[in-house]
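**Q** The annotation transmembrane segment is assigned in TrEMBL to B:24-41, B:61-81, B:93-116, B:240-258. TrEMBL lists B:57-258 with the feature domain 'ABC transmembrane type-1'.
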């Protein structure tokens, strides 16, 4: 049920709305130092960005390995990768986060106990990054697999003919050549990563959404704080879009522009 | 930027592909794991929570179908406004899509439920209106939030779909003397939907994956039931595993249904 709200004296609707924003003015609420909650929100945002960066990085690593497994692995590895990407993409992130969060910390502690070590408290930051990275990896696998398939086959064959080792081939040819094809998909994944950090609020990690809820609960100014947090997320997205556009332009240099419909 | 990841892209493997030697071994291992889970884990709670779980499942499906339908109906004008509308319509529509796609759904739901929920009681005319008994419950906010989210993502897809219909088709229809609304109804919309159909399956799966978020605003869907089991009995893994399985099966049904739908619609594009 919506939180109880002290009844105000009967006012005309517009005046009520105005008085709502006027009460304990907006700037006081969002001030960066302790009486205001702006600092808490910004710290939450910093945590969110940190998790998103970590998860995206892990996702890229898993994605590259997964794409290689799917493309060049043996039949067993291919099937296992298929199961991984299918399951992760079909089950809600929220369920995966809970499952991996509980199971992961439990498993590590059991292993430590079996080895005679004391239990450790796994920080929310590390667990969050690991769990979201695992989820991102499944999507990244598909994006990178598609991008590798888009590289003209001759380039890879030529590199093999030069006698390049698989690692050198990956570093010099496959990764740079697939980048322009992968960037739109990876950019999309980055935006999803920034928004998925909000899900960690459900397991109690203090990122932007949970910080906002605490601020809103303490001051009862629910509307103001959720709008403010929304604006922060939106700024992050728009800022990311600028960077992405710049990276994409750089990755595509030397490639003739294709006249697309859009 | 398409948000959908193609869930339906890979064609279904032929039945014989399932009986390669390595697959038989893998399937045997999987069956072994399932049997191990069924025998060594605790499942006695299922009997007690069965009716509640069924209710939750029904609510999840009902939310999914309703919000996808409403969201799609909202996405058509949003896409049309962006693809062909005048500036004063295109700008707000694209701003709406950007805002919805740029903020987490969890935050949108909380903004609607806690934010609007705390604003509404201050207006006496809302409190006295006929809608008030509904506005005090959680599900209208859940439906609204999920609908707007679906409309935001799908509106962007429909923009591309509307823009992708060849001009010649529309000009030919106009030359036949069809009115603007008839061109839209008979030519433009059907072809746009056909173009959007492959991503629609992906969007629907994404929407399914978004439904558990409504549990955080006290709507008791299937996810909330699993949480309840965890709280009541301190059994952690079993409900979550079963939950994952249920979502997998619903996803399977969605993908299968869209595949059927796509194969029924002739795919020749002019």
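Using the three backbone atoms N, Cα and C, a Cβ is placed for every residue, glycine included.
All annotation found in TrEMBL is predicted automatically rather than curated by experts.
Have a look at these and tell me how they're positioned relative to everything else.
**A** Tertiary proximity for the transmembrane segment (B:24-41) is limited to same-chain residues at least six positions away from its ends with a CB under 8 Å from its CB atoms, namely 18, 237-238, 241.
A Cβ distance under 8 Å defines the sequence-distant neighbours of the transmembrane segment (B:93-116), meaning residues of its chain 6+ beyond its ends; these are 3, 77-78, 81-82, 85, 138, 141-142, 144-146, 148-149, 151-153, 155-156, 159, 210, 213-214, 216-217.
Beyond its flanks by at least six residues, the transmembrane segment (B:240-258) meets 7-8, 37, 46, 57, 60-61, 64, 197, 200-201, 204-205, 208-209, 222-223, 226, 230 of its own chain at Cβ-Cβ distances under 8 Å.
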